[in-house]
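Chemist: Here it is: the structure, laid out below.
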Amino acid sequence: MRFPAKIVWLVLWTVCVAEDCKEPPPRKETEILSGSWTEQTYQEGTQATYKCRPGYRTLGSIVMMCRGGKWVSLHPSRICRKKPCAHPGDTPFGSFHLAEGTQFEYGAKVVYTCDEGYQMVGEMNFRECDTNGWTNDIPICEVVKCLPVTEPENGKIFSDALEPDQEYTYGQVVQFECNSGYMLDGPKQIHCSAGGVWSAETPKCVEIFCKTPVILNGQAVLPKATYKANERVQYRCAAGFEYGQRGDTICTKSGWTPAPTCIEITCDPPRIPNGVYRPELSKYRGQDKITYECKKGFFPEIRGTDATCTRDGWVPVPRCAWKPCSYPVIKHGRLYYSYRGYFPARVNQQFVYSCDHHFVPPSQRSWDHLTCTAEGWSPEEPCLRQCIFNYLENGHTPYREEKYLQGETVRVRCYEGYSLQNDQNTMTCTESGWSPPPRCIRVKTCSKSNIRIENGFLSESTFTYPLNKQTEYKCKPGYVTADGKTSGLITCLKNGWSAQPVCIKSCDRPVFEKARVKSDGTWFRLNDRLDYECVDGYENRDGRTTGSIVCGQDGWSDKAACYERECSIPEMDPYLNAYPRKETYKVGDVLKFSCSQGRIMVGADSVQCYHFGWSPKLPTCKVKKVKSCALPPELPNGKRKEIHKEEYAHNEVVEYACNPRFLMKGSHKIQCVDGEWTALPVCIEEERTCGNIPDLDHGDVKPSVPPYHHGDSVEFSCREAFTMIGPRFITCISGEWTQPPQCIATDELRKCKGSTLFPPEGRQAHKIEYDHNTNKSYQCRGKSEHKHSICINGEWDPKVDCNEEAKIQLCPPPPQVPNACDMTTTVNYQDGEKISILCKENYLIQDAEEIVCKDGRWQSIPRCIEKIGCSQPPQIDHGTISSSSSAEERREIHEQRLYAHGTKLSYTCEEGFEISENNVIICHMGKWSSPPQCVGLPCGLPPYVQNGVVSHKKDRYQYGEEVTYDCDEGFGTDGPASIRCLGGEWSRPQDCISTNCVNLPTFEDAVLTDREKDFYRSGEQVAFKCLSYYQLDGSNTIQCIKSKWIGRPACRDVSCGNPPQVENAIIHNQKSKYQSEERARYECIGNYDLFGEMEVVCLNGTWTEPPQCKDSQGKCGPPPPIDNGDITSLLQSVYPPGMIVEYRCQAYYELRGNKNVVCRNGEWSQLPKCLEACVISEETMRKHHIQLRWKHDKKIYSKTEDTIEFMCQHGYRQLTPKHTFRATCREGKVVYPRCG
């Protein structure tokens, strides 16, 4: 409890004792005590003064006094406040904000930021308020800049820059544009952004292309993956849709223009007066159908009650019309009564009718009813012809009379040798009676006696033949028809036999004995010549190797036979022995020689009999010592194989080899014969090279570089686990590789069976199997030497055999082939050796080029035949023979008219044509090889036609092909709208020029019937009407034809003056001038009656005949009939004066004149006329390849001035102008358009 006691004591001491103050206390952080205060205490009343820290200020002094041991503030309200700063200052293109503090006073900090597109210069972006004001300078904002922009390749730039390589400031814009045929890949313009970089990368100018357009409810025709600029694509819309603007679109830099769209076809509900339809919808889509029904008394204008919604509206137009039946004209019949007052008749109304003699109604009654139906009168043909069959001239007549209706047929039987007309056996009842008539006429026949076949005969036994009968004729043995057959056919026709049969002399292909012929014919005509050639070693009877036979009347002129040639014993040296000795020797026989009395033989030790005799030359026997030879000669392009010596003995042989790429012709061995060397071979360059190295399964070839020339070799190797069978190297020999080896899997190699000739190995040798590559030696009985054999994939090489080997037969020295290069040698050759033969210049080798030593004699002996030149080369269309020789040389060659064997000529084609194959022909043994052809270059896509559409279906067109094009609406051509592919280029198309017409012409006395338009399409017509008192003289229309107005309406003044004066008559409402067809009425005065028409009519400026007023009591009889018309009232026998009767025409006939006639003075006034209707028949339309556009009846009746619309049948196009397909019926005649 010591601590509490100390506190109490301290308090008491403070109250009672202390009055001084300690050191003045610190007041605030903003104030600093002035002076030095080092004492421990300070007396009562001492004052301490404070001043403000830097950055602060106050009004007056801040003083504290020591009172009662405490420091007390004398002015408590006085404090140090932060020193203020002025406005920090604005910077252009920037702003600032207080980052520290709430006002501009000591310690405040403002931070500047630049506006977008501007950046601050320097690193200091702030100012602080300190004791001396604002620190730092006001920051500066400068505009942001972007690097210069370079023009894109195939493009250019547009900007407001003064210089092309200057920097751009913030906000500046650069626009890009590509050259023609290119489009931008990237933005069209870029701007310098606030970050100092461009808003996007510089675009590229890429070649304009478009992908196949994707068309909603449509598709492109013949689409491709991509299209180039200005390429055009045609497209078609799906069913129920139509083109938005046009049926094609063009690839542009903006894409497909115009955009290909397919708009749905819609139709509004149809308006059908006097009819109803279903289904009833507010809107119909394309191909939607409606079915309509007409009210009672009305009928569809055309057959059928369906209409379809199309782009042209409802087709056909649904209409209900009143269709009564007019007075019927019955062909070959009449109505029982006049009934004139009952027409036109109502539907279902019936009338009794009867038919003329030989005609009956379809019911075959004597009379029947004609009924008015919605489709017209029924039956359609009221009267049909009735044919009676009761007699057949020259034929079998029926037992009883038989009746047939028009259209029915009957089969008849004529007597033998007779027939109906045209060899028919049926008659048909027609409107004119029987066809053909019932009369059998004698049938035309052909007789054997009417024909004589030289060297042939008719094979059938029949003597006479009916019309159109075919029969066979045969030729005698040794004769054939013109086409080489033994028989032919002839036909009996109206004028006799079809043709004179011919049997010509022929010879069958002969049997050749030891001869060959090039012809493949199986038969030959009279005087035909057949050349043949004997095989080697044979000759014909004349001792020649070639011959010919001729086909004559008695067959071939000779037998094509060749006989084996023979050689006789030649004249020899008297000391020369020959064996074997025979009288004659056959081709191939060998004669060997030896000398007697120890003489030395000089030359070949053997000769062979050939088709040209013995060869080589026979040897001689010499007494003296034979001479040796000096060094053998050098071989051009070759070398000797032996080591060089100074001297070579008689009969010593030296071998040669040709350098690489050279081929040896002749013997590769020469021999020293009595001091002279035999003939050297020749090394000629082999131009033929070998193709690709053959593939080796499971093997590889060591790298080598083509081309591979004659003599080049390549090496093969097998892969691991495979073993090579055969030589490692293959060699190129005359353009062909030698046989390559095989690589066989090592574990699949076959083993070789042992042989009894092998030494014993503990068990029977022939039961032992040996692996591949095993080498075995064996010894034949009675022989001291050992033989060796190796196992090669299951076969011993050489074959294990102890049979006595046949002595190898040597061939005599090779022959000297006639017309071949000198190859004289005396060296014998072993079996299998070959020698290549080289013919002399201007000679050509025939058959094999090499002779082969086989079985001790030379075989495959060729011939050297003389080269035959050729005459003038063949000419080709659109091509000529090109030649590098001078004009003089070409003229000399042309004058000679002969080209040497082997001559090569090349052809060149005219411009626009190319060679179809090799352009070179070669003269070979008097004949030229087949010449090439010059074919027209094909063309690519047809060219673009401005304001037109080219119809193309493929990407490539052959020479001469033609393509048509259509000009856009409002455009046309002055010539044919087609182009042709000519030598790789299209002919120039006709321009599609505007065919619209403007500036409608004006006429003095005529005005337009409709409002005038800005322009009119070609083919469009404009109608005019004449002013009052004028009448149109001709057509009232003019037509726009290819931008020109054609036609002129001519208005003629057809008014009339005062009507003619009539005695005893007055004129009602008389005027001084009357319009055409205006009437003036007369009235008789007093007791006078009017005779004639009471009215006169102004017609084309002239009044009709006026009436007369005279006294009469005359009455009229029945009104006279008119063609194709009748009166509307019941017919009476007597009519009082002044009685009016009305006339009406039949359906589709038009009434001309006054329909009312008046009885005056016992006579009827002028009768009207019924103008004939137009009948449109199916036959006429078929000939013109047209059809009705809206109707499908076989016959349509149209009134005068009615318009009939036609269209082309499917697959045909218009041949006449478009306006002709809207024809007008004019008084029974209509002009038909044509399609083709």
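Sequential numbering from 1, following the chain as shown.
Note that Cβ sites are derived from N, Cα and C of the backbone, with glycine treated the same way.
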Chemist: Regarding the disulphide bond with C1225, report which of C1159, C1170, C1174 Swiss-Prot records as its partner.
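Modeler: Disulfide partner per Swiss-Prot record: C1174.
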Chemist: Which cysteine out of C567, C621 is the one Swiss-Prot pairs with C595 in a disulfide?
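Modeler: Of the listed candidates, Swiss-Prot names C621 as the partner.
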Chemist: Per Swiss-Prot, which of C387, C492, C503 is disulfide-bonded to C446?
Modeler: C492
Chemist: From the list C210, C309, C320, C325, which cysteine is recorded by Swiss-Prot as disulfide-linked to C267?
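Modeler: Answer per Swiss-Prot: C309.
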Chemist: Consult Swiss-Prot and report which candidate among C1040, C1051 shares a disulfide bond with C1026.
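Modeler: If we follow Swiss-Prot, the cysteine bonded to C1026 turns out to be C1051.
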Chemist: Please report how many Å separate the Cα atom of Y168 (sulfotyrosine) from that of N1100 (N-linked glycosylation site), as a whole number.
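Modeler: Each residue's Cα considered, Y168 (sulfotyrosine) and N1100 (N-linked glycosylation site) end up 86 Å apart.
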Chemist: C-alpha of N1100 (N-linked glycosylation site) to C-alpha of Y585 (sulfotyrosine): distance in Å?
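Modeler: Checking the Cα atoms of N1100 (N-linked glycosylation site) and Y585 (sulfotyrosine) gives a distance of 125 Å.
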Chemist: For a three-state summary based on DSSP, what are the helix, strand and coil counts in the domain 'Sushi 11' (627-685)?
Modeler: 0 helix, 27 strand, 32 coil
Chemist: Among the modified residues listed here (Y465, Y473, Y575, Y579, Y585), which has the Cα closest to the Cα of Y170 (sulfotyrosine)?
Modeler: Y473
Chemist: Between Y579 (sulfotyrosine) and Y465 (sulfotyrosine), what is the CA-CA distance rounded to a whole number of Å?
Modeler: 80
Chemist: What's the most sparsely packed of the modified residues Y170, Y465, Y473, Y575, counting other C-beta atoms within 10 A?
Modeler: Y575
Chemist: Between the glycosylation sites N775, N1100, where is the Cβ count within 10 Å the lowest?
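Modeler: If we count Cβ atoms within 10 Å for the glycosylation sites N775, N1100, the smallest count is at N775.
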Chemist: For Y168, Y579, Y585, listed as modified residues, tell me which one has the smallest number of other Cβ atoms within 10 Å.
Modeler: Y579
Chemist: Helix, strand, coil: count each for the residues of the domain 'Sushi 10' (565-623), based on DSSP.
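Modeler: Counting residues per DSSP class in the domain 'Sushi 10' (565-623), I get 0 helix, 30 strand, 29 coil.
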Chemist: What is the interatomic distance between the Cα atoms of Y585 (sulfotyrosine) and Y575 (sulfotyrosine), given in whole Å?
Modeler: 21
Chemist: In which DSSP state, out of helix, strand and coil, do we find Y170 (sulfotyrosine)?
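Modeler: Coil, per DSSP.
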